[in-house]
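Pulled from Swiss-Prot:
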- 54: N-linked glycosylation site (CARBOHYD)
- 57: N-linked glycosylation site (CARBOHYD)
- 396: N-linked glycosylation site (CARBOHYD)
- 558: N-linked glycosylation site (CARBOHYD)
- 262: phosphoserine (MOD_RES)
- 267: phosphoserine (MOD_RES)
- 398: phosphoserine (MOD_RES)
- 20-40: transmembrane segment (TRANSMEM)
- 78-98: transmembrane segment (TRANSMEM)
- 105-124: transmembrane segment (TRANSMEM)
- 131-151: transmembrane segment (TRANSMEM)
- 165-185: transmembrane segment (TRANSMEM)
- 191-211: transmembrane segment (TRANSMEM)
- 303-323: transmembrane segment (TRANSMEM)
- 357-377: transmembrane segment (TRANSMEM)
- 424-444: transmembrane segment (TRANSMEM)
- 451-471: transmembrane segment (TRANSMEM)
- 490-510: transmembrane segment (TRANSMEM)
- 515-535: transmembrane segment (TRANSMEM)
């Protein structure tokens, strides 16, 4: 039986910690495809496609000797293409399903699919000459399972209030760092552990995710902190008052009730409802403003549209470098010259493999740097108050002696939505500056400088996902979060398809020289500053509106009688 939302709230730290571990070892593990490809080739997957006369390489273990060829790699990469496509393209339907049914069923399905994926790979490795086609189904299930686990974990930060963006960044960081998983698995494989044992063990661990979800994840979705209070409520004559209600807020409620009593006398049949009703207290209405926002308004909002441009451009920049990195390193080492001797070829290959391994290890930086951008998104949120509304009393004003009829001294508060926009501006500006710095590092043909490019690439890859997730959680209703995030991921994946054309241009007409492609992408990177620029404009407009509504408290008390 699924736990209640209240029970899940008490277990939120356990759920968050286990979700980070689960994302790290079970989400986007296909991003470490290079290591998995080596293991699959050693196990002999599609080795039958390699005729003896076309043999390009031979790998040998204690019992078998398998051949390797271009046809084998093309077939295996086709499986990777399918799996990686599902890893990104299914985000939109998953977002719609999660908004409708909550994260629990999707997480159960995802963990089951991951276990099935590992089991299929283990079974197929027993007789690769016959069962090699199972790798397509296994990789497809792996990609689908990864996005299910990742997507559902992004709802957990809603239970952490003002730290929501920080925990969301931690979830995205563990997802981005999962590229290190297959390189780690390969180390175990190289130590002599059979591939079948590794896959069956991994499948068993995935079953623990299923069990953890069944025991701890509630059936309903996690509402945003602005939409529900997970903490204990105190019932008072049919009215749910938060135990943290401030004196000013209670004074506002009593004033409104007093104004209602001055207009009519309640009958006995009306009971206590005539004196006290939940809508009189700000933030306790049954239907929150966020719930009433139509999805079309969120979809067509300028913030979402500009985020599509920024995220699509950044995704293209990041994915192109991941796909073309080996060729870029090779061009830097050789200077564009042909390798004439076997010794030169071997030296180039060793250098490229060394730097590629460094790049793989650096993926763990995502786990360390993503919380930083989340901290930026959460900066000073806990010190903020809700926005004022026209014709109502500002809860966080300093009333002084207003209740005694004396002059009122007014204090301008810091509003939550304005602060969230400020934090988003800072986060996206920092990310875009790092992206431009990464582009400049790519233009310089220096091998050691590529280490800086590795660091900047890894940080940007974690930052821009975390910043976007924090922005969506801060600006849009929580019931739109899954669909909007899924749509953004799908459109970004379409943008990323252009990297294949850029790669073909680099190895074809440009003869392996990445300079012009990197220059074009660097210029394109400046489009990323359009989103924080619009957020700055939107924040200024919002501040003017708040300043207009921020009227004198005594005037509000006098005019509220007319409103009632």
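Including glycine, each Cβ sits where the backbone N, Cα and C put it.
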Restricting to the same chain and to residues at least six past its boundaries, which positions have a Cβ under 8 Å from a Cβ of the transmembrane segment (131-151)?
22-23, 26-30, 40, 45-46, 48, 76, 78-80, 82-88, 90-91, 94-95, 98, 103, 106-107, 109-114, 116-118, 120-121, 123-125, 171, 175, 178, 206, 209, 482, 485-486
Could you tell me what the rest of the chain brings near the transmembrane segment (165-185), counting residues at least six beyond its ends with Cβ under 8 Å?
16, 19-21, 23-29, 31-36, 39, 146, 150, 153-154, 156-157, 198, 202, 357, 360-361, 363-375, 377-378, 423, 461-462, 465-466, 469-470, 473-474
Between the transmembrane segment (490-510) and the transmembrane segment (105-124), are there three or more C-beta pairs closer than 8 Å, counting only pairs 6 or more apart along the chain?
no
Would you mind listing the long-range same-chain contacts of the transmembrane segment (451-471), meaning Cβ under 8 Å and 6+ residues beyond its ends?
154, 164-165, 168-169, 172-173, 175-177, 303, 307, 310-311, 314-315, 318, 321, 355, 358-359, 362-363, 365-366, 369-370, 373-374, 377-378, 423-424, 427-428, 430-431, 434-435, 437-438, 441-442, 485, 488
In terms of Cβ proximity under 8 Å, which residues at least six beyond the ends of the transmembrane segment (191-211) contact it?
22, 25-26, 39, 42-43, 107-108, 111-112, 114-119, 121-122, 125-126, 145, 149, 185
Give residue numbers and ranges for long-range contacts of the transmembrane segment (357-377): same chain, 6 or more residues beyond its ends, CB-CB under 8 A.
24, 31-32, 34-35, 165-170, 172-174, 176-177, 179-180, 183, 325, 420, 423-424, 426-427, 430-431, 451, 454-455, 458-459, 461-463, 465-467, 470-471, 474
Sequence-remote contacts (6 or more beyond its ends) of the transmembrane segment (105-124), Cβ cut-off under 8 Å?
26, 45, 94, 97-98, 131-132, 134-135, 137-139, 141-142, 144-149, 151-152, 195-196, 199-200, 202-204, 206-207, 209-210, 213-214, 217
